[in-house]
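First comes the structure, then the notes that go with it.
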Amino acid sequence: MNTDLFPSSICYPFHRSLYLKVCNKCNKLLGCFLARRGAMALTQVSSSKCCGGYQKVFEHDSTELKCKMKFAIYLPPKAESAKCPVLYWLSGLTCTEQNFITKAGSQQAASEHGIIIVAPDTSPRGCSIEGEDESWDFGTGAGFYVDATQDPWKTNYRMYSYVTEELPRLINSNFPADPEKMSISGHSMGGHGALICALKNPGKYKAVSAFAPICNPIQCAWGQKAFSGYLGPEKSTWEAYDSTVLAASYSGPELDILIDQGRDDQFLSASQLLPDNLIAACSEKKIPVVFRLQQGYDHSYYFIFSFINDHIKHHAKYLNA
Amino acid sequence: SELSKCNSLLSERTTQMENFASNLEEIFITVEENFGRQEQNLEQHYNDVLQTLSQRRHERITALQDEKKLKMEALYGELLSCGRALDASKELIEKAQDLNQEENLKMPISLDFVIPSTDFSDVKQMMESINVVPAPSAPVMNPQVSNSATASTLRVCWSLFSDDTVDFYELYCRHISEDSTTGTMQEVPSPPVIREQECTSCSDAALIRWDSGNTNPVESYTLELSENSLSKSSVTESIVAIPTCECVAQLQPWKCYVIYVRAVNIGGPSERSQPITISTTGTFFHLLRETAHPSLSVSADGFTMFYLDEDLPLSDIAFSDNTFASCVAVLGDLMPVRGQYYWEVEVDEQTEYRVGVAYEDTQRSSYLGANTTSWCMRHILTPSRHKYEFLHNGWSPDVRITVQPLRIGIFLDYEHGTISFYNTHLQQHLYTFTCCFHHFVLPCFALDKPGALSLRNGLAPPCYVTQTARPHH
């Protein structure tokens, strides 16, 4: 057992692909499982007690993204004795798994409502693709939650599949998560991610909310740059990842969408976010949205911190129903 | 020759060895001697140390004993002088007592001469009568509270005026026979009349109001309540000695009660009033018609409000101090108890309305939500869209709602200081005001344009409303 490679891991590789699952508090053997090509190997990077539960960061080898990926997970006190619903949080441009857990102050409400919060990174990292680190709004830190179809991005940049398939599978098999109860939220590019994940998978997410989301990426500069890079010049393929277009053709269980937007957000006035287009589409299709334009707030995590409790309450209403 | 050489060499070596051995022997002896000497030295030193120590110890002991002796002597001396002082003071005290007695004997003799006059006694008496504590005012009997009586005991409470000084109370009681026609007593009062339109309830209490309906004098009222079962209801609880024509009764949630009132005087209790049925599934209240703007009319059942698109003849427009003068509004009569209340309002797509809560004394001349005494949700129809405002003190946050609510749930929670609005069809939370209510608030309803809205009463708050009010742990 090579514990040097897995210093404080909760899952120890035992023999080839057999892993032992060990409680990292009492070192009791919880079980063992077979891993596919080592995909399920989770390495704990950090663990800190927070609001009665634990804020942890793990690293794993992603099969979708073909690289090592980190994600943050908050486990509420309730998770020690019962399965808990999971809220997936998608962060914005340039963020890692760290921004949300250190700045948003979500743990108190998550602890009170008994909700696990999973916050993945925003793109593959260290894939040595030419140009991936050239700009802050494309490549590293800017995966845009799409499955790229263009070279050289299509091998690694599959954030949509990672967030909607691989990550939930990983969470459900390694943590006390209730696989039937998941919801999604995010900020800016992550808000766009949350909205498309919910609109493209009717019924998969019990609730959805967003902070200052990019509502109509095919109409804004950020979206056009990212989509033409990842998806190619054919604009009709872009529509599959545009929440305003997706809302207009949505059919499925009723969604209750909560959106907060700062009125003094520089990217709102720069027409990167375009919430009016989404509101119009949802009004037309009678998709319930409460959109709150918050006076004086900007695009920062100070804005998120101010309203995160309302959002967690919104998710709890559907996750704990 | 070699052999002899070897021989001589050997003998030489032998002598060398012998020399070495004798040398060793010498060294051994010297070492042994040295050790012996050292041992002696050490022993001597050790003895010296021991001797010094015992000498020191002895010196210490004698010194301590001397000191002890000295101190004991000093203490004894002290004790002696103390005893002497005690004796002296005892003598002194006795002498003083003697002197005192002698003085006492002398005193009355000299005083007898000083006070011969008796004229002041009247004045004294008058002075005393002034200083005497005045008689307290009559205490006020408190109404009987629930669960204060058993078959053989009764708890009676009363209040006194704070200015009064009371030594004790005397409690009188008298049995009132049911058939009190014997004797020359008063006639029993006639039954009171419950004012159904002014009764209101919530999940754990009801406010009952009634008219005395009597020409005979009434001392107090008795409220009887029974859980509604089909069998001829037996009284499960009664509240007696109610001095006024209203009473708040604590009830259990999710039950149905039948409530009667009796009037009581010395002659005995009246017949029961007509019953009122109260169900504690949710909030139930009537509209305060006296607050309604003259243009606002209320349906016969009292729960639908109309603003008709017609000009009223000026003669019909009568404003009192209590009616809304500019906003076509009316207040509801909610229980004055801090708790949780839920009601719903039905509107149609074109209705332009304001619904929410307001203090009872909210300005009748201003619009609901335009002041600090009211909180309301407002719907405005613009040519392009449905606009919603959540108004308090003339300000609303900018909120966009994509699906028009046609049935609005309103949840008032005094404990958390919140008033929340929901689209009940979607179970969608629309907005929550957070504020600490300094007084009781009343539901308010207004129509900004001709139209109608209906109040839905007596509904249990849905779980999505109560659940989001407080996080579960």
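Cβ from N, Cα, C; glycine included.
TrEMBL entries are annotated by machine, without manual review.
With a 10 A radius on its CB, A:Ser188 (active site, charge relay system) counts 25 other CB atoms from all the protein chains. According to TrEMBL, the feature active site, charge relay system maps to A:Ser188 (among others).
Residues or ranges marked as active site, charge relay system by TrEMBL: A:Asp265 (among others). Close to A:Asp265 (active site, charge relay system) in the fold, though at least 6 residues off in sequence, lie A:Ala212, A:Leu273, A:Tyr297, A:Asp298, A:His299, A:Phe303, each with a CB less than 8 Å from its CB. Reduced to three states, the DSSP call for A:Asp265 (active site, charge relay system) is coil.
Classification of A:His299 (active site, charge relay system) by DSSP places it in coil, neither helical nor stranded. If you look up TrEMBL, you'll see A:His299 (among others) marked as active site, charge relay system.
Counted within 10 Å of its Cβ, the other Cβ atoms near A:His299 (active site, charge relay system) come to 21, all protein chains included. Secondary structure from DSSP puts A:Ser188 (active site, charge relay system) in coil.
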